[in-house]
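Read through the structure below, which is laid out as structure tokens, and then see the notes.
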Amino acid sequence: MTHATAFTPAEIGGLARRIDRPVVLVGLMGVGKSTVGRRLAALLDTDFIDVDEEIERAADRSVSEIFEAHGELYFRAGERRVIARLVEEGHGVIATGGGAFVDPETRALILDRAIAVWLDCDIDTLVERTARRDSRPLLRKGDPRAILTQLKDQRGDAYAEAQVHVVTDDAPHTETALSILSAIDAWL
Ligand SMILES: Nc1ncnc2c1ncn2[C@@H]1O[C@H](COP(=O)(O)OP(=O)(O)O)[C@@H](O)[C@H]1O
Ligand SMILES: O=C(O)C1=C[C@@H](OP(=O)(O)O)[C@@H](O)[C@H](O)C1
Ligand SMILES: [Mg+2]
């Protein structure tokens, strides 16, 4: 559920000043972490970093190529290191990849040093959105709906540890970003 939340620019500025830690978006593949995260950073007039893009830049390979060449465990090790660095650097908004927050070490770090926002939506929407791009190696292993359903079940308890929970729908990205602001405002 998203709310058409009206914030004046001054209110958003005031909220941005109260946010003294990185806002880290977590949740399943396709929920909107990368695209809504960029919009959220723009609203807050802060910088945006996507963890997968940082990993790709450091490795000079795509996430799919890393999975293919070295396997998931190697990717997770790199992901853990990159997130530790990004949280330490204190970026404004950080979009993680869907598996990152499941790692206990990464989750503890984010909960301690950042504000974790769990973006959540229904499986039908995730299936439709993730079908648009063939860039997610975990979804190539079988039926995407079955895989996403299983991951939702496996990861739900970890995601639920996030300080802020926002249930989204197909509202435009900016509206979703405003819902996140509203939820952070209520939590602070
Ligand atoms: N709230 C939304 N409304 C409509 N489309 C969305 C929304 N959030 C994300 N999308 C679309 O879904 C796809 C996946 O979004 P993305 O931000 O890459 O998700 P994630 O990083 O969580 O895997 C993109 O095509 C994106 O534009
Ligand atoms: O859920 C996961 O384990 C993954 C999610 C992906 O990121 P998005 O959640 O941004 O799609 C990417 O990190 C990788 O394919 C693994
Ligand atoms: Mg992403």
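Keep in mind that glycine also has a Cβ here, set from the backbone N, Cα and C atoms.
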> GLY30, VAL31, GLY32, LYS33, SER34, THR35 bind ATP according to TrEMBL; which of ARG107, ARG113, ARG136, ARG140 goes with them?
Replying inline: ARG136
>> Record says ASP52, ARG76, GLY98 bind substrate. Source is TrEMBL. Which of ARG145, ARG155 does it list for that same site?
In response: ARG155
>> Between C-alpha atoms, which of these binding-site residues comes nearest to GLY30 (ATP binding site): ASP52, ARG76, GLY98?
In response: GLY98
> In terms of Cα spacing, which of the binding-site residues ASP52, ARG76, ARG155 are within 10 angstroms of LYS33 (ATP binding site)?
Replying inline: none
> Do you know offhand how many angstrom separate GLY32 (ATP binding site) and GLY98 (substrate binding site) by C-alpha?
Replying inline: 10
> Given the binding-site residues ARG76, GLY98, ARG155, which one's Cα is the least distant from that of VAL31 (ATP binding site)?
Replying inline: GLY98
> 10 Å Cβ neighbour count around GLY32 (ATP binding site)?
Replying inline: 24
